[in-house]
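Residues or ranges marked as active site, proton acceptor in TrEMBL: H178. Among the features that TrEMBL reports, substrate binding site is placed at D136, G186, Y341. According to TrEMBL, the divalent metal cation binding site annotation covers D213, H215, D302. What TrEMBL lists as compositional bias 'Basic and acidic residues' is 433-475. The domain 'Histone deacetylase' annotation in TrEMBL covers 65-354. The annotation region 'Disordered' is assigned in TrEMBL to 417-475.
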Amino acid sequence: MGRRKETITYPSGTISTSLNEGSVGSGLDFSPSLDAGATVAEHYRPRVSYYMREQAGNFHYGKQHPMKPHRLTLTNHLVLNYGLHKHMDVYEPRRATEDEIREFHAEDYIDFLKRVTPDNQAAMQACFSSFNIGDDCPIFDGMWDFCQIYSGASIEAARKLVSGAADIAVNWMGGLHHAKKYEPSGFCYVNDIVLAILQLLRYYPRVLYVDIDIHHGDGVQEAFYTTDRVMTCSFHKYNGDFFPGTGAIDEMGSGLGKFYAVNVPLQDGIDDRSYTQLFKTIMTAVMDTFKPGAIVLQCGADSLGCDRLGVFNLSIAAHGECVRFMRRFGVPLMVIGGGGYTIRNVARCWTYETGIVCGAELPSALPDTVYRDFFAPDYSLHPQLSGRVVNHNTRAYLNALTARILEQLRYLKGAPSVQMSEAPPDIQGFLEDQERHEKDVRAEREKEEKEDRAGRREHLAELYESDHDQDQEGD
């Protein structure tokens, strides 16, 4: 087969990616002890800002709910005990204000989030169907406070990039990509990603959003579906039934945003080689075509092998390789969390990726922390996670998928021309367009719900009453 080499120049230097034409399923094998050919140019020493708030890990969705904020506590303890705080600036962010959250979310929805509590939820039961409250998105103690904390961190991270005080900003509390303007969805109540991107758009003409969560980043895609200033690119499982049921390859955007939504629908069991080569091939083309001023990378860890809601075979090294690859472009980068429901592996993954953005090599043996027992029996940063699900992503499927996406990118006549300024003159028009789009989406959703209220999609097999890992995590 023919082999070609593409070269892109970015602030950090020149990046060359070798692509096997018609051979996406092959590529370099790599393990945690290898760099997989993704070394960082020595002269590129990014300034990293890291956002953490101790109480963020103390919130609790419910006894059997798969979302466990405690994973943030595990992550921060590993990060600190590896000494990574010495390589970055660590901040305790403030809470997002109502006005900041109102930049995307509707007033009545914000008012509901502020007022509802476990104590008064019975009296507010009539609002639950309107705001999609249920098993996926329950009412829990401190819910509004939790939303303000993780959203405030993402907003502050975005502002740190805009100010030029950081090259990379990390907020593992954020990444809640399913939340919609008028309602929560998929464990997500406030869409901190949209709020952060709106901040970035005040300075950067173009922002790229990349999502490697196993679930489609539907809330972010929907928010920016009609603009050419934000390109969304999501790598996820898709079969029409897997939550959230969106993310088909033909969802490309509309209006000015036509072709600016890139969806990479994958099947069960994709492995390290296939995923990383597919990711690098597509992201090379995206960066070359769109030329973003800033990147937001959502690192949902439910795409790892052995995740209780996931069906991929990715190792922590492969997941981290995606972070490493995007770091190499030298574009202002915001790294955020997302899904991940086997929390010991979420903490390992996000710690490893914190090391990557800092340029630090981490030993595989985990440092001692008060939570050491969570990582038994191997106490390793890189446990064996791959090969437990049959890979249904054939070479032919991945080749066709790649060709289709590259063809979509060729339809773009070039990155939109928006003059750099402190506040682009069209920002208000952009927000007004988004408002009109949201009204249309909400009207269509309400129509569908009236026709078939029972047809709402939910996570499949999301509650695991006999799961020993959840038992260990406690009530």
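Cβ atoms here come from the backbone N, Cα and C positions, even for glycine.
TrEMBL does not curate its annotations; it predicts them automatically.
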Other C-beta atoms that fall within 10 angstroms of the C-beta of H178 (active site, proton acceptor): 27
Of D136, D302 (the binding-site residues), the residue whose Cβ has the fewest other Cβ atoms within 10 Å: D136
Distance [Cα-Cα, Å, rounded] between H215 (divalent metal cation binding site) and G186 (substrate binding site): 9
D136 (substrate binding site) versus recorded positions H178, D213, D302 - nearest by Cα: H178
Rounded distance in angstrom between the Cα atoms of D213 (divalent metal cation binding site) and G186 (substrate binding site): 12
Secondary structure of D302 (divalent metal cation binding site) (DSSP, helix/strand/coil): helix
C-alpha spacing of H178 (active site, proton acceptor) relative to G186 (substrate binding site), in angstrom: 6
Y341 (substrate binding site) and D302 (divalent metal cation binding site), distance between Cα atoms, whole Å: 6
Check: same-chain CB within 8 A of divalent metal cation site center, minus D213, H215, D302: I214, H236, G300, S303, L309, G310, G338, G339, G340
Cα-Cα distance linking Y341 (substrate binding site) and H178 (active site, proton acceptor), given in Å to the nearest integer: 16
Binding residues D136, G186, Y341 (substrate) - maximum C-alpha distance in whole Å: 13
Residues near Y341 (substrate binding site) in space but at least six apart in sequence (CB under 8 A): P66, M67, K68, D302, D307, R308, L309, G310
